[in-house]
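The block underneath contains the structure these notes are about, expressed in structure tokens.
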Amino acid sequence: MLLVSCLIILLHLQNALSQIIPPNERCVTAVYTAYEYLSFSGQPNKGLWAPRCRNRLHVLSIYAASDLYCSDAEREAGFAQLDDQCRQYAGVDLIPRQEFAPNLTHEAISQMRVVEFGELPKKGPLDTPILISKSYYSRVFRTIDAWQFELWSHYAFGYLGYAYWTVVIAAGALHKLVLHAISVKRAPSLPPFPFLLLIYYWIQTNLIIPAPLASSRRRLLWWTFPGRIHAIVVLLFWILSIVLCLIGYRTFSDNIYWPDISAQLLRYVADRTGILSFANVPLLWLFAGRNNIFIWATGWSYSTFNIFHRHVAWIATLQAVVHTILYTVLFIQSGNAWKKMQKPYLLWGTLAMLAMILVFPFAVDWFRRRTYETFLVLHILFSVVALVGCFYHVIIFEDHEYWFYLWPAVVIWVSDRVLRLIRIVYCNLHVQLGSRSRFQCTECVAAYDKDADIIHLELTPGSGLQPAPGQYYFLYQPFRLTGWESHPFTLGYWSYNDGAPSTQCRSLKRDTTTDVSEIPLLPDTPSSGSDYGSIDTSTDPPERKLALRFWIRPYDGWTRHLRDQCLQSPTRIIQPNILLEGPYGEQCPLWKYESVLLIAGGTGIAAAVPYIQDHILRSSTGQTSTQSIHLVWTARQPALLRDIAGRELKQALSRKDFRVSFYVTSESASQGAIMDGVEFACGRPDLQAIITAHAEEARLGSSSVLVLVCGPSGMAGLARAAVHQAMRWGCRSLRYVEESFDW
């Protein structure tokens, strides 16, 4: 996908450069362009290229003026180019210079009439060769030179955007590499250049970890960013995009195309913004894809690239709007604006611009979170309309040179959809030779817990997936009217069952369920979502089936529909047809840190439990450096705490290296016990105090510490601010990881 897109863009670069007239050809080009404002008698005298190539008076005048104003090298290159264009566009050869040799002597040229620009009307045919004056030639040359510079700058500035994101991605990949190196080589074996480590810690403390502003608030202007580095990357691209639209314009008052400087600026800026908008189209589709290779290369989340996607979309849309407005002004100034606007390619361009604008009202957080299905349909519809409109808008250009910006988007979109389909088949269909049922598909049980307001979803996939912490899947309910929609959920827990899921999702047969912590630890193998390694459970007993568990909070749309389906059952348990797509996500090497603090809010516990599972599994054979884990979990309903603490966390609660702090925010709750020996407190935790104490304890013990947070944005903002403060106070062995999914 990425390789094909890069090849298309490189071909576009080659094609774009071929449109730029080389400097050694511009002298002759300026000469024959100047003669387009004069008319000569004789044949041929119709069209653009035929008179320029075969009208004897016209061609003789071009040769004569070139002898005066061009060097030998410029004449050789320029006339070779003109001859090629005569064959390409007129199907004829340029009249050779030898046929005019007697008329091109110094004496003959000196006797030719010299004219200034605008001195002779174009409609009056001339019956003698004419020389253009030096000022006439200079004026045309400056015009062509300025136009060629503008063409070059339009393309070059578009590629500057690609260069910017290349640097950003490279920095992200380097950061991932440094993180891996630091987690492997701890304090006893620091790198030979400690000042490089100090620079890295300074970047972490001042650029990567903090909130966008000094406070813990995530809003900057009217945008939301998880961290300061996200805001910096986005704002720099905004600045770059604005600057590239404002600089690099060569204007002068004698321009033969647009004598008025304001008209020159209107045309140049209109072209610049249109081309830059097109240049952003491949980035738009690349950053929106689930199967984005840069997610793996950098270790950044899908949410991070989604932030980039939104801002590139904002910029591309504003550039398209400016492009449309400025061309409308140009049409009004030149007259017959309404007639020009009725041309099909302009109507397609206007439609594309309007579709880009209409995407935004339905993509705001408020609308997207409440009516995700509607947002998804409209987002795809308007995006396709915009892309098709862009194709037809530039169909009038030779060689379809601007399609090179659009085809990568098509390739990226198709490739991403094909890879999604492959993942769906892999996750949900499994062929077993020699068994009674050769084809096995995903089986599902969903149960709604009214007290906890949670849907417990357990799926037995049809393939040999290797679950790991940090994974998330997209879920489809294919037999709904909108069955093509998918919704992301973090994998909360996994186990191995004898046969299909129980018909009582929350009362699974305990004698036929094997917790992964009871399975012998196998050698580490890299997982699909991590280069740190994961636990390989692929050799489990063949009679046991993997069961994946998800906790879903019903809101609007599909989750509410699933809850209503459960409520229609007397037992609140159903067996819907649900398909998996995945796994996605990156596993954090939690086992390489001596102390771990897990902070979860509500169903954010799904991000923490798999790491606890993984820790129990690794600690049974000593394949972990983690000595203590502290889980701080806040939920609205005590029932949710009680349910998961009594099942998924039951084994962990009996361990000495694991402790919990449960908080209930419901106003009707009173302090009490979740289960025997496990209590909860009312209200919200003091994350500042908890993180500070944890970091100080780790600093005094010279141990590494990791803080992993998954919860509401307010909770994550407070945790990030507390971690930032601890790092400023000198806790350099502290790492912050935020698990979130924003769509």
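Positions of Cβ are set from backbone N, Cα and C atoms, glycine also.
If you look up Swiss-Prot, you'll see H309, H379 marked as heme 1 binding site. Taken residue by residue with DSSP, H309 (heme 1 binding site) is part of a helix.
The number of other Cβ atoms within 10 Å of the Cβ belonging to H393 (heme 2 binding site), over all protein chains shown, comes to 24. Positions annotated as heme 2 binding site by Swiss-Prot, on the basis of similarity to another entry: H323, H393.
Mean per-residue pLDDT, taken over the domain 'Ferric oxidoreductase' (273-389), amounts to 92. The domain 'Ferric oxidoreductase' annotation in Swiss-Prot covers 273-389.
If you look up Swiss-Prot, you'll see 503-540 marked as region 'Disordered'.
Residues annotated as transmembrane segment in Swiss-Prot: 154-174 (among others). Residues 9, 13, 16-17, 20, 233, 236-237, 240-241, 244, 248, 271-272, 275-276, 278-280, 283, 294, 297-300, 308, 405 of the same chain lie 6 or more positions beyond the ends of the transmembrane segment (154-174) yet place their CB under 8 Å from a CB of it.
If you look up Swiss-Prot, you'll see 193-213 (among others) marked as transmembrane segment.
Here Swiss-Prot flags 229-249 (among others) as transmembrane segment.
For the transmembrane segment (275-295), the residues of the chain that approach it from at least six positions outside its boundaries are 1-2, 5, 9, 154-155, 157-159, 161-162, 165, 169, 172, 241, 244-245, 301-302, 305-306, 308-309, 312-313, 315-317, 319-320, 323, 387, 390, 394, 402, 405-406, 408-409, 412-413, 415-416, 419-420, 474, 584, 586, judged by C-beta separation under 8 angstroms. According to Swiss-Prot, the transmembrane segment annotation covers 275-295 (among others).
Per Swiss-Prot, transmembrane segment is recorded for 312-332 (among others).
For the transmembrane segment (344-364), the residues of the chain that approach it from at least six positions outside its boundaries are 310, 313-314, 316-317, 320-321, 323-324, 374-375, 378-379, 382-383, 385-396, judged by C-beta separation under 8 angstroms. Marked as transmembrane segment by Swiss-Prot: 344-364 (among others).
If you look at the transmembrane segment (377-397), the same-chain residues 6 or more away from its ends with a CB under 8 A from one of its CBs are 278, 281, 344-346, 348-349, 351-353, 355-356, 358-359, 362-363, 403, 406, 409-410, 482. Annotated transmembrane segment per Swiss-Prot: 377-397 (among others), in sequence order.
Among the features that Swiss-Prot reports, transmembrane segment is placed at 402-422 (among others).
When the binding-site residues H309, H323, H379 are scored by other C-beta atoms within 10 Å, H323 scores highest. Residue pair H393 (heme 2 binding site) / H309 (heme 1 binding site) shows a Cα separation of 23 Å. Counting in whole angstrom, H309 (heme 1 binding site) lies 21 from H323 (heme 2 binding site) by their C-alpha atoms. A separation of roughly 22 Å, to the nearest angstrom, links the Cα atoms of H323 (heme 2 binding site) and H379 (heme 1 binding site).
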